[in-house]
């Protein structure tokens, strides 16, 4: 394939690893390289990536830096949260949900620039290689895919650094840069590697980059109100913001109160177990609020069906199948369930906790106090329950008459 590639679009962060990949592509494939850097709220200046690419010989017209923050939240994060998606009971899928958008945009740039190949910096051990490549092939099955970590012999940090020095790539460490392998976007930040590779070893406090420790969070709680329309967040404390602005605001509130830290061992799609630590402050608040709203607006059987389907939906995202027909089918069902998910949820934030203290919906609430009151009944006849119970017990009654023992 090396002699067949003419132009390749590289998912480029400007960091050491992808800068080495850039140079390696030039040397090994002797092809033109286009760089694509996505702003999905990782919190870093992206212009240095442009300068780094220029210094490595990339033409100005072959450097693409795109602000995808609103698209990321509106078209990926919000649809996922309509489903209350959680992988293996804890993980809010912060890395998983970002990959489809990056892959789609990268494939679009390939079409725009006439590139015949795409490349990424995911290793051959992880989930991201699957997520990226399923995305590429969904949009253009004719694209060639170059995954350097599956090809080269630079399989140690020492070899990578030696390669960088040999080719004049700056290896100086950014001031304050974490030694952990990290991934960040508007939804979360993740940490892997080093002492975290021992699942018995507790993470150091200085590893966490975003949030206060719950122990150091304010001693006074904070009350907030979130407004939803059709299952999507539209305002915080009455203030309407862009999708990215809303998640940014929730992150600020969550970080302030030590909310959203997570330390888990998860099952990767490729078959191994991996330990990761995550901070998802805004997402943790959003999930709690959305479920609270659904508790008054969603029919019982619809809610239970959603809960049954959610693990499958979450696994599809985790494993890289965002663009699959089965995920889209589930999304259509989920979105139908959100037609009446309109209302307001009141939350109290305090030292790592998110507590629901109120929920209301002016036109869509199914909660009717007249039916569930502990006071005198006016609309419900309690005698009706006897027949309901007898009919539901009919199979037990028949089995008992036949001598069946339980």
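The backbone N, Cα and C atoms fix where each Cβ goes, and this holds for glycine too.
The L-citrulline site recorded in Swiss-Prot includes 91, 96, 127, 131, 181, 266, 278, and the single candidate from 172, 190 that the record places there is 190. ATP is bound by 11, 12, 13, 14, 15, 16, 17, 18, 19, 38 in Swiss-Prot, and the record lists one more residue there from 114, 121, 124, which is 121.
For residue 123 (L-aspartate binding site) paired with residue 17 (ATP binding site), the C-alpha to C-alpha distance reads 11 Å. Across 11, 12, 13, 14, 15, 16, 17, 18, 19, 38, 121, which the record gives as binding ATP, the greatest C-alpha separation is 17 Å.
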